[in-house]
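A short worksheet on the structure shown next.
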Amino acid sequence: MALRSLFLPNAFPNASSFRGGSRRGAAPRAMPIVMKSNVEVGARNEIAKKPFTPPFEIHEQITHSLPPEKIEIFKSLEGWATDNILIHLRPVEKSWQPQDYLPDPSAESFHDQVKELRQRSKEIPDDYFVALVGDMITEEALPTYQTMLNTLDGVRDETGASLTSWAVWTRAWTAEENRHGDLLNKYLYLTGRVDMRQIEKTIQYLIGSGMDPRTENNPYLGFIYTSFQERATSISHGNTARHAKDYGDLSLAQVCGIIASDEKRHEKAYTKIIEKLFEIDPDATVLAFADMMKKKISMPAHLMYDGRDDNLFKHFSSVAQRLGVYTAKDYADILEFLVERWNVEELTGLSSEGRKAQDYVCTLVPRIRKVDERAQGMAKKGGQTMRFSWIHDREVML
């Protein structure tokens, strides 16, 4: 998934009233477990020196916030998921594989194919490679995303080979996603334009750091997160495909395009899950939607680190924003799409808290667009450059 989302300023209205407390029409949350780090916020340099820890402090982590009766909903939906979610998977024998889009190492013309690929890549600017490498690194952290899905109560793979529809989906989705990082990694390696060792270090750091999507082991929150992220990923890869085409590399455009197509198909599955939850449990679902948007959808790679730059994700996101690969406008567009896709404005019979949550998500898009306008204005005044280790410390504009 590059499961991707932009870093956004903390400028959204507070929705703390959507969390905790009793709710009519929606079961109260289970007593959450709050996990606090023993490292002070701001001690970035000290944290970065410690092995196998994120490059900076993360916030409080809440776990197991879903009441037991809500977990039963997901168990009751296993048959529905078999009929409605697993259909969005492709049989392995009908799936594309990375080798379909790469030079054939068994062919006599292999070296000529590689030379042609490298020649095409020379026409592509460094800032594009920063965006593409960031996407690839995000895809390569797939073990973290499977782990995240298996933290969700009621849908996790309890044995590692469970035959429940939720577990089958998670494993098969992971298997499909695994091709994305493989393909981009090999393609970038063959270009000769990037520092593969620095990229590989970044991947190892990222998988070791994990991710903190703030989904609380709660599948309501988790599937809203994945619905948003899969659409964001499809947009991002679609835009890198468009840029590659503009630069004259039609093969790379095809690579990015086929990945975007996969992400779009996965998005359909996740949005369908939330659609079903809105049908059977609208109050809890709209509360979860507002909760995730209040917390802001963070990119799974927000703990990205290359051993040098503590703010690597922020810098990578700035390049992606400037290039139009993924922007604050896209973030707002995705939210607008999901509000319409799930008919959130039309929900009725909600509790008072549910109506507040409904109003929050339905009026949030214009506020995000204002944030985008300010960000665009700041970008025009910018001119800051940054050296990226991924491209042999060459400078690009942020």
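Glycine is treated like the rest: Cβ placed from N, Cα and C.
Taken verbatim from Swiss-Prot:
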TRANSIT   1-29  transit peptide
BINDING   E139, E177, H180, E263  Fe cation 1 binding site
BINDING   E177, E230, E263, H266  Fe cation 2 binding site
For E263 (Fe cation 1 binding site) and E230 (Fe cation 2 binding site), the CA-to-CA distance in whole Å is 6
Of the binding-site residues E139, E177, H180, the one whose Cα sits nearest to the Cα of H266 (Fe cation 2 binding site) is E177
Cβ-Cβ neighbours of E230 (Fe cation 2 binding site) (radius 10 Å) = 27
Could you give the Cα-Cα distance between H180 (Fe cation 1 binding site) and E230 (Fe cation 2 binding site), in whole Å?
-> 13
Which is it, of E139, E177, E263: the one of these binding-site residues whose Cβ has the most other Cβ atoms within 10 Å?
-> E139
Provide, as an integer number of angstrom, the distance between the C-alpha atoms of E177 (Fe cation 1 binding site) and E230 (Fe cation 2 binding site).
-> 11
Would you identify the secondary structure of E263 (Fe cation 1 binding site) according to DSSP, in three states?
-> helix
Would you mind checking how many other C-beta atoms are within 10 angstroms of the C-beta on H180 (Fe cation 1 binding site)?
-> 27
Would you kindly give the Cα-Cα distance separating E230 (Fe cation 2 binding site) and E139 (Fe cation 1 binding site), rounded to the nearest Å?
-> 12
